[in-house]
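Here is the structure we will look at, set down as structure tokens.
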């Protein structure tokens with residue numbers, strides 16, 4: 001009889017839980033909140049006129065302790081200009097199979113071309129898809145930006161880009 005009462009007491013917890021509203025996450029349909037300072041996926045940023053901030057210096061690759069970043073630089077020409085400097089990152093890859101999310105690459109970047117955004121959905125069933133290329137890492141073009149390659153904003157120099165002196169305004173006036 002005593003064991004039967006213990007059994008009923010145990011089932012009482014089970015039965016009370018059966019009729020409560022389930023506490024589940026509706027994750028695929030409704031993503032959960034992300035902390036404002038959460039660092040997830042990397043992003044290559046652009047200047048206000050659409051040129052890329054990456055100058056192909058490879059400092060991010062040198063700073064990465066996991067050797068997850070590969071950068072191959074090329075020279076800009078006046079006919080094809082991708083960044084305001086003399087070079088740009090022609091090939092830029094981050095291997096998320098190796099990345100440990102330490103942020104050393106962000107600290108090493110002299111032009112703040114590389115940042116980490118709140119995107120955390122990077123899972124995939126194919127290992128090759130976890131090596132993100134430049135096209136996946138570049139920030140999308142905003143209104144008022146032109147897709148590179150294009151010349152620098154009229155009347156501006158490389159120094160103006162790094163000081164952000166009226167680049168967006170000069171670019172809008174040129175159109």
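Positions of Cβ are set from backbone N, Cα and C atoms, glycine also.
As annotated by Swiss-Prot, domain '4Fe-4S ferredoxin-type 1' applies to 44-74, with the evidence given as sequence analysis. Counting only same-chain residues 6+ beyond the ends of the domain '4Fe-4S ferredoxin-type 1' (44-74), those with a CB under 8 A from a CB of the stretch are 81-100, 102, 104-115, 134, 137-139, 141-142, 144-148, 150, 152-153, 161, 164, 167-168, 170-171.
The [4Fe-4S] cluster 1 binding site annotation in Swiss-Prot covers 54, 57, 60, 109. Secondary structure at residue 60 ([4Fe-4S] cluster 1 binding site), taken from DSSP and collapsed to helix, strand or coil, is helix.
The [4Fe-4S] cluster 2 binding site annotation in Swiss-Prot covers 64, 99, 102, 105, and the record cites sequence analysis as its basis. The Cβ of residue 64 ([4Fe-4S] cluster 2 binding site) has 20 neighbouring Cβ atoms from other residues within 10 Å, across all protein chains displayed.
Helix, strand and coil content of the domain '4Fe-4S ferredoxin-type 2' (90-119), in residues and according to DSSP, is 5 helix, 9 strand, 16 coil. Annotated domain '4Fe-4S ferredoxin-type 2' per Swiss-Prot: 90-119, in sequence order, evidence recorded as sequence analysis.
Sequence-distant neighbours of the domain '4Fe-4S ferredoxin-type 2' (90-119) (same chain, 6+ residues past either end, Cβ-Cβ under 8 Å): 34, 38-45, 52-57, 59-74, 127, 130-134, 137, 162.
There are 18 other Cβ atoms within 10 Å of the Cβ belonging to residue 57 ([4Fe-4S] cluster 1 binding site). Ranked by Cα separation from residue 109 ([4Fe-4S] cluster 1 binding site), the binding-site residues 64, 99, 102 are led by 64.
Listed in chain order, the residues near the [4Fe-4S] cluster 1 site other than 54, 57, 60, 109 are 55, 56, 58, 59, 71, 89, 105, 108, 110, 111, 113, 114, each with its Cβ within 8 Å of the site Cβ centroid. Neighbour counts of Cβ atoms within 10 Å were taken for the binding-site residues 54, 99, 102, 105; the minimum is at 102. Considering only the binding-site residues 99, 102, 105, residue 60 ([4Fe-4S] cluster 1 binding site) has 105 as its nearest partner by CA-CA distance.
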